[in-house]
């Protein structure tokens, strides 16, 4: 059975949960209280596709790829299941969460045990597919395309089927080329390819000339790489501080030929396997885990931050949802925003005030945040409250946070004395910090004479936000009543109005922080960069998008990081360049949501100014050499058009201090998304390496309209691994494109 072969490759042969999925079963599909339908679901024999029946007139049978699944949640953990099912059915429910904007699939099994088997089986397949090397994913993808091209399923391939297959894998070729490759493989002259002939065709198709050249330059021992040859490659090409022991470990880890492994040799296939794994990736493997010092004060870190987190779409009429918080937290966002207003039945709600966006209960958001805050990162989460509630509903907000978050909620300073600086992310692991208005100084937390039940405080921050959103509501000098219960929960992030750097220096405590709309922040970064940076050395700053961005677009976060701003809040739901850069910024350090700022942004004696970066203690000037060699298995952009093939080009973008910003691109290649080759070299001068982001962009060239994005990848220059590297490609929304990637040569060198 084909499924057993596929399962074996995935290490799941004979697994009871997998066998259960292959047999399939009936699940209740739930969309609302009135829409609950029984549907049959089954895992296909390729172990990569879920088939399910449908009652749609023209789509009786439907399927989706396991690669499209982001996660599987056990229980009533989606907004839909929470609303439309009974708590007694908790253990029968589960949700399939898709990447991108595809609607969640909310399901209920016939029994608790069946629900567990579905969830366990799906998670095993997802984890195994994600753990495959890019080389293995590539093989799976090609074989699957070959199977689809074999229309009559006779395990043979005609010339017509071969042409169809080539178009499927994003290669357009003339009839002569297709006929030549077909004849070369059809050794039996039968007019079809089968068995060994198909294997020969596969070998011709996947042959990588550039790998032949690189491997040939170092394979000096019986036509193979000895451990010594491999060590020479690591030292000379990859510029790694490698030893003979490192070379032997790579052979043991990646070599697939047992005879070669016994000789301590690496074959070309083993070499390609090495290049396709984490060891050959552009991202320094040491940076995939938490490697930075996490014991510095909280304000010494860039913090992954979201603006109006509750919104799924635009700022005026889109839906508000707990799902938006879950998605942000699962991307290691560590500061989420809660826009709080009085709701019906005395229950506070979250929505974008004075707009048509939908509302979500405050308590439901706190429950979701509690459940998902620390699944991808253990480091603290800041709940940024924009409070527009009456005193009574503020008291309920405080009650919900204390009751739901429990001991994880920071309600008083750490230690027994009045603090003089922030605690560290390490000290705050697993904790929630509230940002909002506070009646008094933090010192009051250490006295017992604070008996005021409510007080009036300035509403500048909140009023400013409302005005920014195009609504003239209250003046910036307006006042609001604040409940003591809510005020007391604000410990390390007290919101205050910004009155200038000198005023802040003399009058603002370290825990008092200001929020800046983007226009104000960018102006300060342009005119008072060094002062802004010094302000951020002992205080936190939060930046948020202009209210005019009703489409939920984003500003460029890089200039804000350049002056040391920590909470640079972006609209996480909008997948464009700004979010790609944000994702890249927080990719290293274990994707934990915290990145330690460079030392020159933390030292009180620093004279650094990003607008005039002369050489100094902020890093010796570098030269970044990039050679774009080739790409592999780029996805089709227009899958609906049978003959649509991409014309790829690659752009390398540098985002950092103004003097470093640059962009260079290759020529485009006609009709080849499968294995295009450029061999084009670029060079970039870098003044401040520690603030430099590198973004690779692959586009489908179009002479008459804007190019379409094929894939992208972004990371800090300081996390780049020198040498020959494969670059994974991500979709517009930041999901990995299986089997697709770039092959490049990179070198970051000291400038002469």
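Using the three backbone atoms N, Cα and C, a Cβ is placed for every residue, glycine included.
Keep in mind that TrEMBL annotations are predicted by a computer and have not been checked by a curator.
Model confidence over the domain 'PH' (20-127) stands at 90, taken as the mean pLDDT rounded to a whole number. What TrEMBL records for 20-127 is domain 'PH'.
TrEMBL lists 137-172 (among others) with the feature domain 'EF-hand'.
Each residue of the domain 'EF-hand' (173-208) gets a DSSP state, and the totals for helix, strand and coil are 22 helix, 2 strand, 12 coil. According to TrEMBL, the domain 'EF-hand' annotation covers 173-208 (among others).
Counting every protein chain shown, the number of other Cβ atoms lying within 10 Å of the Cβ of residue 188 (O-linked glycosylation site) is 12. TrEMBL lists 188 with the feature O-linked glycosylation site.
Sequence-distant neighbours of residue 307 (active site) (same chain, six or more apart, CB under 8 Å from its CB) are 337, 544, 545, 569, 570, 571, 572, listed in sequence order. Under the heading active site, TrEMBL lists 307 (among others).
Residues or ranges marked as Ca(2+) 3 binding site by TrEMBL: 308, 337, 339, 386. All protein chains considered, the CB of residue 337 (Ca(2+) 3 binding site) has 26 other CB atoms within 10 Å.
Counting every protein chain shown, the Cβ of residue 352 (active site) has 25 other Cβ atoms within 10 Å. The annotation active site is assigned in TrEMBL to 352 (among others).
What TrEMBL lists as substrate binding site is 435, 437, 515, 542. Within 10 Å of the C-beta of residue 542 (substrate binding site) we count 26 further C-beta atoms, all protein chains included.
Positions annotated as domain 'PI-PLC Y-box' by TrEMBL: 486-602.
According to TrEMBL, the feature domain 'C2' maps to 602-731. Sorting the domain 'C2' (602-731) by DSSP state (H, G, I as helix; E, B as strand; all else coil) yields 6 helix, 62 strand, 62 coil.
What TrEMBL records for 645, 647, 671 is Ca(2+) 4 binding site.
Annotation for residue 702 (Ca(2+) 5 binding site): spatial neighbours 647, 708, criterion Cβ-Cβ under 8 Å with sequence separation of six or more. Here TrEMBL flags 700, 701, 702 as Ca(2+) 5 binding site.
Apart from 700, 701, 702, the Ca(2+) 5 site neighbourhood in this chain, defined by C-beta within 8 angstroms of the site C-beta centre, holds 646, 647, 648, 649, 668, 699, 703, 707, 708.
Least packed by the Cβ count within 10 Å, out of the binding-site residues 339, 386, 647, is 647. Among the recorded positions 188, 308, 339, 700, the ones whose Cα sits within 10 Å of the Cα of residue 645 (Ca(2+) 4 binding site) are 700. Using CA atoms as reference points, the recorded positions 352, 386, 515, 542, 700 were checked against residue 188 (O-linked glycosylation site), and the closest is 700. Counting in whole angstrom, residue 352 (active site) lies 7 from residue 339 (Ca(2+) 3 binding site) by their C-alpha atoms. Annotated pair residue 308 (Ca(2+) 3 binding site) and residue 700 (Ca(2+) 5 binding site), C-alpha to C-alpha distance, rounded: 33 Å. Residue 542 (substrate binding site) has 339 as its nearest neighbour among the binding-site residues 339, 671, 700, 701, going by CA to CA distance.
With DSSP classes pooled into helix, strand and coil, the tally for the domain 'PH' (20-127) is 35 helix, 45 strand, 28 coil. Look at the binding-site residues 308, 515, 671 and count other Cβ atoms within 10 Å of each Cβ; 671 has the fewest.
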